[in-house]
Amino acid sequence: MCSLPVPREPLRHVAVAGGTHGNEMSGVYLVRHWLLAPAELQRPSFSAVPVLANPAATAACRRYVDRDLNRTFASTFLNSRPTPDDPYEVTRARELNQLLGPKASGQAFDFVLDLHNTTANMGTCLIADSSHDVFALHLCRHLQLQYPELSCQVLLYQRSGEESHNLNSVAKNGLGLELGPQPQGVLRADIFSRMSALVATVLDFIELFNQGTTFPAFEMEAYRPVGVMDFPRTEAGNLAGTVHPQLQDQDFQPLQPGDPIFQMFSGEDLLYEGESTVYPVFINEAAYYEKGVAFVQTEKLTFSVPAMPALTPAPSPAS
């Protein structure tokens, strides 16, 4: 398996971002808290920086102002010439690229953790780029071992051959936390506390890595998107039905050909007509209505993740 290079030096420049989507409140309020109490993000070998990613959308309690910030870190936007008519999120993406990047450069942050909520029943979802991202996958495994009761699922969201366009792609390494279900604009204490604990454990893992811990090879189970499914619609483009009760809240569960997926307003059921089993995620996600997505179809993968060797200690200065 081709793997991305594993860091060979301690990770010193780390950021924790919230409010990439301004109405996903766990990350928004955690970052606001850490801006007042930054010591909570300190570890012996590094101090993480809290970043409120989309201040304008956060102030308005909206997902975004002009366009989805988490789809705006592609080089097309980051490297284009600024104009007065640029969408707010394009300008903000360039600012974040300067703060945390530049993307794909040696000066970029070593690690960015991006905090999200979903209205779907995703539980505790860990979003990495691909099966080649060895550092992120070892981090996912560490979280799974530390929190077996959470059944942390791993979603590999980067499509083959496509450039990553999310916030943590500006850093050398990154991971997204996606916790739900939580309504937009609402702060739930249980999910807030879970996200806070997960962030602390992520920082603890980075500290273990920096201190020279060896992480053995393992087998990973993860999910990779293979397509999306829109709602049934009228000729005018309005909804003609909604997610079937048997599918609602069944994120990461197998969907077999012939299973019901939509309940039409007329009362009839629409069945899944695919040729193979898929595993729907982001089922009935509120933010995806505008994107024409009722759920994302994924396939389940099992693959080997190679060991991550200990960092080589820096040579002692000559006496």
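Backbone N, Cα and C atoms are what each Cβ position is placed from, and that goes for glycine too.
Just so you know, TrEMBL annotations never went through curation; they're auto-generated.
Database features (TrEMBL):
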{"type": "ACT_SITE", "residues": "Glu178", "note": "active site, proton donor/acceptor"}
{"type": "BINDING", "residues": "His21, Glu24, His116", "note": "Zn(2+) binding site"}
{"type": "DOMAIN", "residues": "11-206", "note": "domain 'Succinylglutamate desuccinylase/Aspartoacylase catalytic'"}
{"type": "DOMAIN", "residues": "219-300", "note": "domain 'AstE/AspA barrel-sandwich hybrid'"}
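Looking only at the domain 'Succinylglutamate desuccinylase/Aspartoacylase catalytic' (11-206), the predicted model's pLDDT averages out at 96. Glu178 (active site, proton donor/acceptor) and His116 (Zn(2+) binding site) have their C-alpha atoms 5 Å apart, to the nearest angstrom. The Cβ of Glu178 has fewer other Cβ atoms within 10 Å than any other of the recorded positions Glu24, Glu178.
For His21 (Zn(2+) binding site), the same-chain residues that are 6 or more apart in sequence and have a Cβ closer than 8 Å to its Cβ are Asn54, Ala57, Arg63, Tyr64, Asp68, Leu69, Asn70, His116, Asn117, Ala287.
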